[in-house]
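> Structure provided below as structure tokens; questions to follow.
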Amino acid sequence: MKIPSLYFFFFIQIAIILTIAAPSDDEPCKNGYLIEMSNHIECKCNNDYVLTNRYECEPKNKCTSLEDTNKPCADYARCLEDPYKDNKSNFYCLCNRGYIQYEDKCIQAECNYKECGEGKCVWDGIHEDGAFCSCNIGKVINPEDNNKCTKDGDTKCTLECAQGKKCIKHDVYYMCGNDNSGSGSGGGGGGGNSPPPSSGNSTLSLFNALNIVFLIAVIYII
């Protein structure tokens, strides 16, 4: 293989890692902590923070004044002003582009009408079947029930925790913490929860590991 080709693959691999790789020790889930369900990993926000995407939490705004406009006011939602209602300014939360309101929360538009049972719908833009179900820990996909989370089963934790931490089941998801972490509330991608004691923020996907090995090999050859 020619040297220019090696450099080309080198930079392509770096681009892939930076754009689609899940968070790791070098990409923390700021203002929250990583959780894992059966088919995906995402952030769960601390109190008074909300999700702006699967891996970012920002401060929650009350959405009561002009200062709050265009700022996060709920998971996947921003504050807007309606100056024409009742002849005075009114403020409301509107789901971000790509999300729609379902009951009292914003969900990905691709998940509209997608029933998952004991889990949640996820769309990552990569899964070949489009929107899919990610189950609460203790449940797995049931092929005989439209791939809903209605079958009992085990899911192996793939979170790589920081030194001194271990992967534990906390309510209906996995996280990094101590064995004596109390039971939490909610599961999946909701915000508004404080992290249990000693929660960790790191994960290392198999994809990242393989790319690191590839990069080391390329550098050695060069």
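Any Cβ shown, glycine's included, is placed from N, Cα and C.
Heads up, here are the entries from Swiss-Prot:
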SIGNAL    1-21  signal peptide
DOMAIN    29-58  domain 'EGF-like 1'
DOMAIN    59-107  domain 'EGF-like 2'
DISULFID  C63-C79  disulfide bond
DISULFID  C73-C93  disulfide bond
DISULFID  C95-C106  disulfide bond
DOMAIN    107-150  domain 'EGF-like 3'
DISULFID  C111-C121  disulfide bond
DISULFID  C116-C133  disulfide bond
DISULFID  C135-C149  disulfide bond
DOMAIN    151-176  domain 'EGF-like 4'
> Could you tell me the C-alpha distance between C111 (disulfide bond) and C133 (disulfide bond) in angstrom, no decimals?
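Per the Cα atoms, C111 (disulfide bond) and C133 (disulfide bond) stand 9 Å apart.
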> Around C79 (disulfide bond), which of the listed disulfide-bonded residues (C106, C121, C133, C149) come within 10 Å, judging by Cα atoms?
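Neighbours among disulfide-bonded residues: none.
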> Give the distance between the Cα atoms of C135 (disulfide bond) and C106 (disulfide bond), rounded to the nearest whole Å.
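Approximately 19 Å lies between the Cα of C135 (disulfide bond) and that of C106 (disulfide bond).
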> Over the span of the domain 'EGF-like 3' (107-150), count residues by DSSP class, listing helix, strand and coil in order.
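Across the domain 'EGF-like 3' (107-150), the residues distribute as 6 helix, 18 strand, 20 coil.
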> Validating a neighbour-count step here. Other CB atoms within 10 A of the CB of C73 (disulfide bond): how many?
21
> For C63 (disulfide bond), name the DSSP secondary structure in the helix/strand/coil scheme.
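DSSP call for C63 (disulfide bond): coil, neither helix nor strand.
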> How would DSSP class C106 (disulfide bond) in three states?
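In three-state terms, C106 (disulfide bond) counts as strand.
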> Quick one: DSSP breakdown of the domain 'EGF-like 1' (29-58) into helix, strand and coil?
0 helix, 18 strand, 12 coil
